[in-house]
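What follows is a short report on a single structure.
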C-alpha cells in the first residue's frame, strides 16, 4: 500500500489579531460614516422643514397683517349694517302702508284683497253675474289674477312677526275662493259657447272648432257634430296641437276642450310658517351660551399665550426652531395693543358665527314626507308652463232658431264631463275598445326646459300630481311640441327638476356703481346675469350653451320677491330652499374641523371678501350659509374694482318662498 495523501483545505487559515482589529476598525469607520451621512441628511431635512415652516409662518403673518389692517373698517361696516336692518324693516313697512294708501286714493273699483269685506263683496257680486261670454271672463280674469298675486306677495313680503294666524288663513282662503270661482266661470263660459256649436260649425268638416288666445289663457274647443267614425285626427287650425281619438269617441256626442292656463291654480298652496318667535326664543339662549363660552375660551387662550411668550422670552434656545419661535414671540410682543384687540374681536366674531351656523345645521329641516313612486315630489320638481286642462265634455243641447228667436234647453246640472273610459266595460266586446288618447301640446314660449320635460297628471282624490297613466312621451325641442298618450283626461302639467341648475359652477358679484351691483351665476346649462340697485333687481342677460337667449323678463325692474317668482316660473330656478340639500349632492364643510383651519379660513375669507358683503343671504332665503345648501355655490369670486362701496345686504332681504 502506498503512502496516505493529505487532504488539502481541511484546516482553515487562522485570522491574526492584527487582521481582526483592522476588520473591526473598518466596520467602525463604515458605521460612523453612515451615521454621519444620516445626521447630515437629517439636518438638511430639518433645515428644509424649518425653512418651509418659516416661509409658511411669514406668509400667514402677512395675511393676518392685511386682515388686521381692514378689521376696523369691516367692524364699522358690520355695525352699520346692523343699524341699517331696522331702518330697512321700517322702510318696507312704510312702503306697504303707502301701497295701501295709493290703492285707496285710486278709486278704480278694484277691491283691496287684504280686507276681507271687500274681497268677499267682490266674490259675491261676480257669482251673481250670469251669461258671461268667454271673452268677458278672460277680461275679468286679469283683475282676479292680479288680486291673487297681491295676496301672495302679502304673504311673502310681510315679516312673520307681522302675520297673525287668522290673517294667513284669511289670505289663503281668499286665494282658494278666487281660484275656484275663476275656473267655474271658465266652465260656464265654455257651456255657453258649446250651446252655439251648430251655428259655429266649419263648412268643410261640419264640426265646430274654436281657438281663443290671451296672454294668460288659451282655449281650444272642438265639438263632434257630424260623428264621422273616420274623422279621428283632431288638429286645431294653424297649429299642430290636437288629439288622436279612438273610434268610440269619434261616434259620440262629445266635445273636446283644452284650456291652457299659463298659471298653476291646481297645485295646493304650501303652508306658511307661523311667526318664528318660539324658535327665536329657543335658539337665542343657546347661541348666547355658545358666544359666552367662546369668549371665555378665547380669553383663556390669550392669557396662556401671553404667559407662554413671557416664559419663552427668558429662556435660552439652542435649536434653530426654538430661536425662530423666540423671534416670532418677540415680534408678537412688539405689536400694538390695538392689533391684539382687533385680533381678539375677529376671533370672537368668527367663532360666534361658526357656533350659530353649526347650531342651525343641527336644526336643519327634515324631509317632511316620503313620496311614493308615481307621486311627484314638489320639493324636488316644479311645474312649468302652467296647466293644461284636458276634458271630454258631453255636448249640451244646441240652439234652435224659431221665428226669429233662439230657443235653447238649459240643463240644470250644467256642463257635464264624459266619462272615458266608462266605469263598466262589460257591454263592449272589443278588448281594446278604450285605448289611450294621443295628445299633442305646445310648450309655453316663455318657459325654458334644460332637459326633456316630464308629464304629470293631477290626481283629484289624492290631491297631488302623478306620473302614472302616461306613456309614449316624445319631445321636439325645435318645435317645442310634446306628444304623449293619456289613459284618462284631466289636468296635465310639465315638470322639471327644481335643482337642475344646482350646484353652481361659479358665481361672481361685481359692483357697477353706488348701490348697484351685477351678479353672475354660472351653472352647467346657463349663465344668468342679474342687476341689483337699491331694492329692485332685473334680469340682464341669459346664455344657453354659450349663446345669448332672449327672455320676456329682461330689462324689467322688479321687487326681489316678484323677481324670484318670475325666474322660477320661467324655469330659471337658481334659488335653493330649506329642503334642497336632500336633492343636491354637495361637499359641505365638516363639523369637526381643526381650530387652526378655522382661523386660516377666516383670514382667507376676509381677503377674498374685503368689503365683508354678507353673501350668506342668497336671493331667496337667509339659509344659504346656515344649511348644508351652503356649498351650492363653488369657485366664488368677488370683483372689487368697482367705483364705489355698496350696501348689498339691504337688498338681500330675508324672504322665504312659502307658496
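Here, residue 1 is simply the first one shown, and the rest follow in order.
The backbone N, Cα and C atoms fix where each Cβ goes, glycine too.
The structure displayed is predicted, hence computed values, not measured ones.
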If you check TrEMBL, which stretch out of 1-47, 48-94 is marked region 'Disordered'? 1-47
Taking DSSP states H, G and I as helix and E and B as strand, how many residues of the compositional bias 'Basic and acidic residues' (16-47) are helix, strand and coil? 31 helix, 0 strand, 1 coil
Mean of the pLDDT scores, which run from 0 to 100, over the domain 'IC97/Casc1 N-terminal' (30-230): 89
